[in-house]
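Asker: Mind looking over this structure? Questions follow.
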Amino acid sequence: MTQKVNVVGAGLAGSEAAYQLAQRGIKVNLIEMRPVKQTPAHHTDKFAELVCSNSLRGNALTNAVGVLKEEMRHLDSLIITSADKARVPAGGALAVDRHDFAGYITDTLRNHPNITVLNEEVNHIPEGYTIIATGPLTTEHLAQEIVDITGKDQLYFYDAAAPIIEKDSINMDKVYLKSRYDKGEAAYLNCPMTEEEFNRFYDAVLEAEVAPVNEFEKEKYFEGCMPFEVMAERGRKTLLFGPMKPVGLEDPKTGKRPYAVVQLRQDDAAGTLYNIVGFQTHLKWGAQKEVIRLIPGLENVDIVRYGVMHRNTFINSPDVLNEKYELKGHDNLYFAGQMTGVEGYVESAASGLVAGINLAHKILDKGEVIFPRETMIGSMAYYISHAKNEKNFQPMNANFGLLPSLEKRIKDKKERYETQAKRALEYLDNYKQTL
């Protein structure tokens, strides 16, 4: 095999992609700029350095990321194998000794006969087969190259996302379907508030705890995308003239205009997930849950992705990537990791796994690998390439709302998740036999 692949970035996604390629006999140049050039967030020269938490989140199959991890175990994931080896006590979560974890991955890749490690900065996308996995702190020159090849409106430099919730957890008796002024089809679920309910909500927002901002995120990335708690600080009426404006949203049950309205917009093609419109936020997750559950209809809501505002570099994947994490119209260029719109350590590694396997199959002329949507790894790939709201695409983590509904509705959440997990692993194992 003379064909050599360039994998740019040795984070979780790049490390996984390089390993999957190398295990299939493909020669790989794994290019990592550290330690020649450090990022503001990294501190070592190790691959797959965990820059925030040392937890890879839940390990149980009643947890979406737990299902994703189990799927990756079935697919010989370097990242999950390393995490299992470096595991430290953390209850039901998979937490690791971050030094052992990164050390095991680094040693495995540096000693792999099919991998050549190059420590240098990449300012231009290499020629030939390439996977870009440079993460949220992609350097300016490479980011400009990505803009040039994907289009000027297809690369974002910050992540300003409103919370995303499960439709099944909304109290539909308290909300109504309507678009403002009845324009177009009724596309929003509306949560009406009385003045008393709004005041209670407003006071809670002002008292809610805000998350600290990392030093390297303090530049002003959020023009035109203000956190709703900052709007609230500007005065009680600011939200009423902003995201909670009730004009044109009269309640069809009463014919009257509510004092305030929180709008929910469909977020996925299947209609199982909704985002809270205009509620991008810096609040801590616990505070978000408390505040959101004060909204009528959302008292018992399940939040699958909390609102965030932080520096990120990610592409508008539904417009430019397919389910193989391949750039549309470019059969030699793939992307992986957070820059594809997946959110989280495990999700990033999973995208690298899919990109690596697919590029290996392309080189070996073995056909494309599209994992079933019933699997968590397949549903993530489907989401980033088919998100309903592609004009305001925001990163997503693994959650059961991405999976197709079960044929038979199961009301008990734990039982439903267990059934979806069992189905996911059955579909994965059946699909593996075709690879």
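Just so you know, glycine gets a Cβ as well, placed from its N, Cα and C.
Taken from Swiss-Prot, the feature FAD binding site applies to GLY9, ALA10, GLY11, LEU12, ALA13, GLY14.
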Asker: Around the Cβ of GLY9 (FAD binding site), how many other Cβ atoms lie within 10 Å? Please give the count over every shown protein chain.
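Answerer: Excluding its own Cβ, GLY9 (FAD binding site) sees 29 Cβ atoms within 10 Å.
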Asker: Taking the center of the Cβ atoms of GLY9, ALA10, GLY11, LEU12, ALA13, GLY14 at the recorded FAD site, which other residues in this chain have a Cβ no more than 8 Å from that point?
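Answerer: What remains near the Cβ centre is VAL7, SER15, GLU16, ALA17, GLU32, PHE47, ALA48, ALA133, THR134, GLY135, ALA336, GLY337, SER348, GLY352.
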Asker: Least buried of the binding-site residues LEU12, ALA13, going by other Cβ atoms within 10 Å?
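Answerer: LEU12, out of the binding-site residues LEU12, ALA13, has the fewest neighbouring Cβ atoms within 10 Å.
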Asker: Quick one: what's DSSP say for LEU12 (FAD binding site), helix, strand or coil?
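Answerer: Once the DSSP labels are grouped into three classes, LEU12 (FAD binding site) ends up as helix.
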Asker: Same chain only, sequence gap of 6 or more: which residues have a CB within under 8 Å of the CB of GLY11 (FAD binding site)?
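Answerer: Expected: PHE47, ALA48, GLU49, ALA133, THR134, GLY135, GLY337, SER348.
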